[in-house]
Amino acid sequence: MLMSTSPSPWLAAAMLCIGLANAHTVIVYPGYRGNNLHTTGTVEGADGLGIAWSSDNETLIYPYGMQWSYPCGGMPTSENRTKWPVQGGAVSFQPGWFQGHSRAQIYINIGLGTVPPNMSHPMITPFEIVGPDNDPYPGTICLPQVRLPAGIEVQVGDNATIQVIELAQHGAALYNCADITFAEPEDVAEVNSTNCFNSSHISFETIFTTSSLENAGLEAVTVPSFLTAVVPTFLGIAYGLLMA
């Protein structure tokens, strides 16, 4: 199976940038579980592990950074939940808080319940972002209308966790989570251009597959119709730009 990308320049945003410091990925909206922008201990001290006990066996160390820890970047479930529309709503995040993210793939999943057993329900078709360079860069991405996965039904007052994954070009996955409580739209704080906008220097590309080449022959490579899967996500981005 061959992986390809198709540029979508019309999706590039034209909004303001904001200044950031060096770190990893941060969820802007809904409110994320907490600050997991920490790197503690050393690779040698952890014997090459991504997570290990400190030498005194009293604390965990994260020599590569907390955000490399599945499912929520080393952060436990939060009691400070954000009300989120019961029919779906906005998800906004900042992807460039670390070196090596000039290109990255974005996944957004949801886990159901106060303490979800897993995050196995994809909310969007994955897409690729293209940043200005491999140095840390400012900027925000917002999907103004992320809907619940097909077949998932929730009620007002139910709890869930939204998981944002940034798959970096060196293969590492960075995890971040936001704990939510479903509410009626009129009971949810307004989402506006202060917390939901798309920065002009971050562009978007689709991710799709082509059929494999059999027996090294030069057979025609067919591209399946992926647009029906990815267009809703990107139309949501474009809609957010128009409404900002």
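Heads up, residue numbers simply count up from 1 along the chain you see.
In case you wondered, yes, glycine gets a Cβ from its N, Cα and C as well.
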Disulphide partner cysteine [Swiss-Prot] for Cys72, chosen from Cys142, Cys177: Cys177
Of the residues His24, His170, the one that Swiss-Prot lists under methylhistidine: His24
Integer Cα-Cα distance in angstrom, Cys177 (disulfide bond) to Cys142 (disulfide bond): 15
